[in-house]
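Trainee: Would you mind keeping the following structure in view while I ask a few things?
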Amino acid sequence: MAPVLLPRILDGGHANLDALGIAYIVLAIVYTLILGGELWLLNRHRSVFSVRIRNIKIVFAAVCMLHVYLVLVLFVYPLNGLFPCWVEFWVMSVFLPSGMAFFQACNARVLTIYESQNRLQRNFLEGARKKRISYTPRGLWAVWRDLNAASKVYVGTVVGLVISFIPAVILFFSSRRFHASYGVFARVVDEIECRRGPEWIPSILVQLFWTSLVGPWILWKIRHVQDIHGWAWQTRLAVLAGLPGTPLWMAFTYGKLPGMRSMDRYFAPAGWFIPSLFVCQQVLILIPLYEVYRAQPRRACVFSSSSSLSSSDTDALTYVSSVNKGPQITLGKELKPKASMQALEYSINNSIESLIDWAASREFTAENTIFLREVRNFRRKWAGLRMVTTAQRRQMFTEASLIFFTLVDPLTAEMPINIEYKVFRSLQNTFSTLEYDPYKPPSRSNTPISPSSRDNVICPWEDTLTRPTSVDSNMTSSSITSSTKSFVPSEFTEDVFDAAFESIKYLVFTNTWPRFVE
């Protein structure tokens, strides 16, 4: 909150319950109810892809913290001097910096997803690889460098709050402005002058850091993002909305122009944060809700026109009801031949890279198309063999498990695909005999070594998918046969991913493919 400059109206005395004061209270109550309804709708649709990728927990934290500050700003005039200066100081030092930090974390989320999608497109094994932490300056710097944008903002939030909290505690207990009975500097002042002291400067610097440094940094990093979910534009609007609040607060707090002082009689300087806070909150909520409700009429059109499609296309549309990954595209009478299931299957078999590139840069669903490509390659590699040796069967199981752990399993994959639980459970049981180790194995030379002496450990640092259909091994034939029988299920074949492949193919057909064709 900001200083109240003129004692004529805001004089630190009795409450101002005139028409303007009541209007401020009503505005705070009405807007709180509206915001609560919007958050309820957002939470109701939290499973929709356009909402889920935004990390609804961080959105709620940012919106609520900013709203606490916004409501207290609206209560400055009605409460007059009944709201103690020291309480206002802690609100200014905790809620506003925390709200701005979580707000920028929401904005950084789009950059995190964008970078993750680019990493998947470049090499889907890269995101699954982890390095053990070395607690040295160089090792900690490497950990910081490898963090995604959102994680860096989260760490910066914690560090920033600690750094800003320490001087806030020192200033509060040392300044006599907040308490007349003790202190080491400043003089005892009234409630009006209390809000004009230099003790408020650290909290202002923290706000400037988040709005004037972190915000523009995010804008620069996402300058090439052009997603179809409106996420990049949401972030740009949100960051720009947060820029003018702090400069205006400082101008009307410490400015001495007659016009400023006249306005301060009815509108506290902290009120200049309200437009920024309002826009910041609404863009975090309304744009995702718009994406949710935009999907509904399209979904209705899809099902109403399903009678004009082929049987395979109708099956694909039926699948939409069980897996919702985003707004559905209108097919039906306007459906072109190149948007059919046969066209998608041709693209998967012959030219899927362009589809992967579009899904990664525009829709943020590259994991689905990459899974289709990897399963396609897996089938081509192994389905053509008439006879599979024991060593080849072991290699085939290892390659299949690498696909499962890096693209399917939600506990180990960076961006797991979205399949039915029944299909996932079947795959999970198939690969239950294996252990997944994402950490880089130690090596004393340039020669790659096994991540473990155990045969049932899968490590993404060894790219077995590019190996030919034979393996070199120093193990004897009997030892290979023995180890293979121990962890390769007897029912395992090259068709292990068939159900998941069909599920994701239908999902791509009803969501990604029509947009890509358009």
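Using the three backbone atoms N, Cα and C, a Cβ is placed for every residue, glycine included.
Copied straight from TrEMBL:
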- 20-43: transmembrane segment (TRANSMEM)
- 55-77: transmembrane segment (TRANSMEM)
- 89-112: transmembrane segment (TRANSMEM)
- 153-173: transmembrane segment (TRANSMEM)
- 200-219: transmembrane segment (TRANSMEM)
- 231-252: transmembrane segment (TRANSMEM)
- 272-290: transmembrane segment (TRANSMEM)
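Could you place these features in context, so I can see how deep they sit and what lies close by?
Mentor: Same-chain neighbours of the transmembrane segment (20-43): 51, 56, 59-60, 63, 67, 70-71, 74-75, 77-78, 266, 281, 285-286, 288-289, counting only residues six or more beyond its ends whose CB sits under 8 Å from a CB of the stretch.
Here the transmembrane segment (89-112) has Cβ contacts under 8 Å with residues 1-2, 53-55, 58-59, 61-62, 65-66, 68-69, 72, 148-154, 156-157, 160-161, 164-165, 168, 172, 178, 199-200, 202-203, 206-207, 210-211, 214-215, 218, 221-222, 225, 227, 231-232, 234-235, 238-239, 242, 273, 280, 284 of the same chain, all six or more residues outside its ends.
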Trainee: At a threshold of under 8 Å on Cβ distances, which of 55-77, 231-252, 272-290 pairs most often with the transmembrane segment (200-219)?
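Mentor: Comparing 55-77, 231-252, 272-290 against the transmembrane segment (200-219), the winner is 231-252.
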